[in-house]
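Heads up: the structure comes next, in structure tokens.
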Amino acid sequence: MIQVLLVTICLAAFPYQGSSIILESGNVNDYEIVYPRKVTALPKGAVQPKYEDAMQYELKVSGEPVVLHLEKNKQLFSKDYSETHYSPDGREITTYPLVEDHCYYHGRIENDADSTASISACNGLKGHFKLQGEMYLIEPLKLPDSEAHAVYKYENVEKEDEALKMCGVTQNWESYEPIKKASQLVVTAEHQKYNPFRFVELFLVVDKAMVTKNNGDLDKIKTRMYEIVNTVNEIYRYMYIHVALVGLEIWSNEDKITVKPEAGYTLNAFGEWRKTDLLTRKKHDNAQLLTAIDLDRVIGLAYVGSMCHPKRSTGIIQDYSEINLVVAVIMAHEMGHNLGINHDSGYCSCGDYACIMRPEISPEPSTFFSNCSYFECWDFIMNHNPECILNEPLGTDIISPPVCGNELLEVGEECDCGTPENCQNECCDAATCKLKSGSQCGHGDCCEQCKFSKSGTECRASMSECDPAEHCTGQSSECPADVFHKNGQPCLDNYGYCYNGNCPIMYHQCYDLFGADVYEAEDSCFERNQKGNYYGYCRKENGNKIPCAPEDVKCGRLYCKDNSPGQNNPCKMFYSNEDEHKGMVLPGTKCADGKVCSNGHCVDVATAY
């Protein structure tokens, strides 16, 4: 049984109206002083761990008593978590620190269903909590021989720059379905019940400007990164996504790419470095670069709908604020783009709060995604199947003994539906994480009313003629593995060949880019791909655009004939500086009889597969 530590916070209510104090978050105009005093409930003589698995803090905020419940975030670090920095002469130094007994927690306020908390308990209490809809920050005061802490509202931190700060993503990514109206985006409990968690293994990179900004203090940088990712992890839990930090690299000697204020250039360079360098050294799903330089007119930029892509599963974030919460929200926003989420429109909502995917940072940073964001994220996951986030790190990669009640199915558990108060699974005993008597299953696509679905029940629909439907076996709650027809098998009446469960043909790609009444262009249009200019090429090698050979022209930029009303464009193409790959002919597309596109070449099907 987990021993609970009860810590009483004695609050000297000195609100200091009209005065100010300089804290880590900046200049604060209105704050309260608290003095933490631990009152332990451990038996006399018991060995107290350095950082408990669960704690409660009792404190007063604005004169009212509150109880803060905290649980250690055991999904924060991976088992093979590594840290890399560089010696003055450029040597790579990689270590694997012991992070089992860390001091980073998530939490909530008792009797406040909408409350959240993200707290570091390493040296006092530092972080944020939301109480009755308002965001509070807490941090220890740096006074000798004192346990004093400051508690203050985010709104009372002076903002140095009141100019509107924007995300650099300007073009929406189109999913397979049009965005539904807000009234159609209700996420039901039944939908949530069968949405399995996804796991993003995150790698952070810190540039030289950040090192200079922090006077070369690498430990200070590391601590800040831990606190930021702890908050990102908290934010994504409500999207049924766990974010685990698998690595941190600090460019302590020099930048490994040229970091420029032009965000598009820097993002492209970082993506290329990740693909050619970082991925060869460390397995991960997504990489984010934090920089202390001022990006031109933006505070972040990321590729959209790119999670798991070797180059484009990346984002860049400006270290815009001293408040970790603000930077964490920016990181969650840019990673949201990687997960297929666009900026929110006017009909998107997250209750009475601002939403994370607003194009600009809100006056008070939100920790909530909108209904639109939830739909777009899971639409991307279910339709595009970014496979790298399917693997569950727990048990092998994430340091975490089984914990009943954390909503993760771990070794020795038959089910895990959360705490007894929150469990909505009628098949599962929340107190023991065992199935209730008479239940065969508690989750899975082949589990209905706690029983295995009948043999032959469809559990995964066909997405194309290259992807047959899967059916339940009657012996398991899990749907059988997703099986595709063999790559290269003819499909769509020989207009295409199967490729990873799809039947890619140029007509469909033109439709996805431009809509109805748009078709594959005449062969003469594709000859433009022999130019090797900014749009007409077949592939990139070492950053250089390689012109197509005559036999490969249909494996470069896609050209479409637009017959829609008012249009007469026989060689319409799509090009964007932010995503040069979008608008290229997709891999596996038929380019001639018996031939398909592979790495910018038109090759025999037998050679490709």
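Every residue, even glycine, has its Cβ placed from backbone N, Cα and C.
Among the candidates H309, H343, the residue that Swiss-Prot annotates alongside H333, H337 as binding Zn(2+) is H343. Annotated Ca(2+) 1-binding residues in Swiss-Prot are E201, C388, N391, and among D112, D114, D285 the one listed with them is D285. Of the cysteines listed (C538, C560), Swiss-Prot assigns C538 as the disulfide partner of C548. Per Swiss-Prot, the residue from C503, C510, C525 that shares a disulphide bond with C571 is C525.
A 10 Å cutoff on Cβ-Cβ distances gives D285 (Ca(2+) 1 binding site) a total of 24 other Cβ atoms nearby, all chains included.
Each of the binding-site residues E201, E413, D416, D482 was scored by the other Cβ atoms within 10 Å of its Cβ; the lowest score goes to D482. Annotated pair D285 (Ca(2+) 1 binding site) and D482 (Ca(2+) 3 binding site), C-alpha to C-alpha distance, rounded: 21 Å.
Residue counts for the domain 'Disintegrin' (401-487) under DSSP (helix as H, G, I; strand as E, B; rest coil) come to 0 helix, 15 strand, 72 coil. Model confidence over the domain 'Disintegrin' (401-487) is summarised by a mean pLDDT of 86. Sequence-distant contacts (6 or more apart, same chain, Cβ under 8 Å) of D467 (Ca(2+) 3 binding site) comprise D482, F484, H485, G501, N502. Checking each of the binding-site residues (H333, H343, C388) against P468 (Ca(2+) 3 binding site), the C-alpha distance stays within 10 Å for none of them. The shortest Cα-Cα distance between H343 (Zn(2+) binding site) and any of the recorded positions N371, C388, N391, D416, V483 is the one to N371. Of all the Cβ atoms in the protein chains shown, 29 others lie within 10 Å of the Cβ of H333 (Zn(2+) binding site).
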